[in-house]
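One structure is given below, encoded as structure tokens.
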Amino acid sequence: MPTTSSSSSPSEPLKPRPRLPQPQPRQSPVPRPSTARLPSLCAAIERHAAAGRHAEALDLFRLARAAAPFEPLPASTYHALIAAAAALRDPGAAAAVAWHIESSGSEPDVFTDNLILGMYLRCGMLGEARQVFEGMPERNAVTWGIMMGGLVDRGRPRAALALFRKMWAEADGCEAPPRAVVVAVRAAAVAGSVRAGRQLHCCVVKMGPCGDDGDRYLSCALLDMYSKCGRVDCARQVFDGMVPCQRTVVAWNAMLAGYVLHGRSEEALELYHEMQGSSVDMDQFTFSTMLGVFSRLGLLEHAKQAHACLIQRGLLLDIVGNTALVDLYCKWGRMEDARNVFERMPKRNLISWNALIAGYGYHGMGDKAFEMFETLIAEGIVPNHVTFLAVLNACRFSGLVDKGKRVFQLMTQNPKTKPRAMHYACVIELFGREGLLDEAYSMIRRAPFTPTANMWGALLTASRVHKNMHLAKLAAEQLLAMEPEKINNYAVLLNLYISSGRQDDACKVLETLKRKGLCISNACSWVTVKKKDHRFFFKDSTHPQCAEIHRTLDTLMKEIKEAGYVAEETELLPDIHPDELNIPRAYHSERLAIAFGLIRTSPCTPLRITQNHRLCNDCHKIIKFLTKVTKREIVVRDGSRFHHFKLGICCCGDYW
């Protein structure tokens, strides 16, 4: 019988039948924790909170609430939860913890109530904090201090002072807690109310001694309050009234900060010297504060000594102190030192970058300033108006026209950094430096606001240097209309007329000066030798070494004339009155300072001169020749910029 053929080929392997999906057992829900687990949960909550894992502690609290919504927890667990909610500043968590304490039937003591009060204040829940405070059956000194401090921290200092008056009335003016008085004094400082501060001072006197710690804290608080309210002399009276053991580094620092805050740098320096003679160890805050003072007063040697002390003591400056040090080194032309401090800063902010970029710019190192600017951008730091001003100044001082244009264009592309008048003034002077007077004047005409005095001043400088009398006269007249009492504007216009031979116009300017009662004041130059400032004025004959200084200067003038110097005769110098034009100019103040510095310093030491006026053309030429014949480097900080003179060349390129 024939066999039936199979549908499948004999060579094909047999395939197993597919398995049907098996039904999966139903997942049972996660069992809720039982009350038996509460002790372990509470212990875990306390461990997490103690270790700073606040979010994890609150997560475990949610499990505990699910297990036993109304079961009271141990007081130590509640304290840990309150600390966690306060640390996270989480109002929801704070409300949950407080609700559980209340609904579980717990009866918190005054310590726990104080913690809840502080938690609410940390989370910004002033209404809830006020309810807790008013509902507390018992309050202690800590309670009042917490509530008042919270109000101050939340910007309600006058409410804190009102609360203090209430506490004082309840205590019948007898035993106000020192901590509460300290907080009240801080509230007066924040509110800027010297009247309230004086009343609190009277309270302190009425209370009498509070013990060493209490008296120390109260004195420091009063000192700080008077300083912030602008009564620095009252602050000094408090400081002087403190017994030596109360004058901690905090008290010294507060007094130093008070002087600095109100611009009394010389008194801060005197106090700093007193502090050095005391037994108090200075800290980072001391040096940070004083570096700013040294920078303002131009005390490079003091700053170097402070920097050395920091290194010897192993102290690290904060951002403020390091930035002040960078700024000070920049102001004195110590750019390598400034860069070293900058590179070693553990943290930097935009102010630190701005200080270094500006320093490079002022010392004619425009390429390095621009390089730092590009590094700042590459690191993702967003520049502000000050940054752009520093870079544009660097381009201006170094004549980097193309780079300056790029920076200005970058500003215009961002609405947040729209150029201001000061940026326009930089670009105007940048164009003017290169003789592009049409472009400079066009910047003034195209400005989207009324041109400022700085903008016209930049155009005037460019016109004066490039001898464009028409633009110079236009700019000078605009300046005189905007600043009719500023003597420098008349001096520049007077020089323009004298240099162009327009004697009649020069006489008119002099008549205007006399009619207005204005006169060109004497300029001053000074040099620091062995940590002492030596000041000189025009025709100065008061210095003890006057005769030697004049002899030295006469000798130097002969040497530079032999080297090719020819005097500038067409400029009215800033510190010479018009009536004194026929008097020889050899005794100009900056020249006297340089001569003295050459006498009193070693041959390899660079000279650093500071003066309160713009360096005149003749002095600028003389100093270039002096660096040739003496082989000394001379740095002059005038009213316009830094001038680095070396071997007959100045970093300003003869444009300032």
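Using the three backbone atoms N, Cα and C, a Cβ is placed for every residue, glycine included.
Caution: TrEMBL annotation is automatic and unverified by curators.
Annotation comment: TrEMBL describes 1-12 as compositional bias 'Low complexity'. What TrEMBL records for 19-32 is compositional bias 'Pro residues'. Residues or ranges marked as domain 'DYW' in TrEMBL: 564-656. Per TrEMBL, region 'Disordered' is recorded for 1-36. Here TrEMBL flags 109-143, 248-282, 318-348, 349-383 as repeat 'PPR'.
Residues 216, 219-220, 223-224, 226-228, 230, 232, 235-236, 239, 242, 289-290, 292-293, 296-297, 299, 302, 309 of the same chain lie 6+ residues outside the repeat 'PPR' (248-282) yet bring a C-beta within less than 8 angstroms of a C-beta in it. Cβ atoms under 8 Å from those of the repeat 'PPR' (109-143) belong to residues 75, 78-79, 82-83, 85-87, 89-91, 94-95, 97-98, 101, 149-151, 153-154, 156, 177, 179-180 of the same chain, restricted to positions at least 6 beyond its ends.
The DSSP breakdown of the domain 'DYW' (564-656), given as helix, strand and coil counts, is 29 helix, 16 strand, 48 coil. In the repeat 'PPR' (349-383), helix, strand and coil residues by DSSP number 26 helix, 0 strand, 9 coil.
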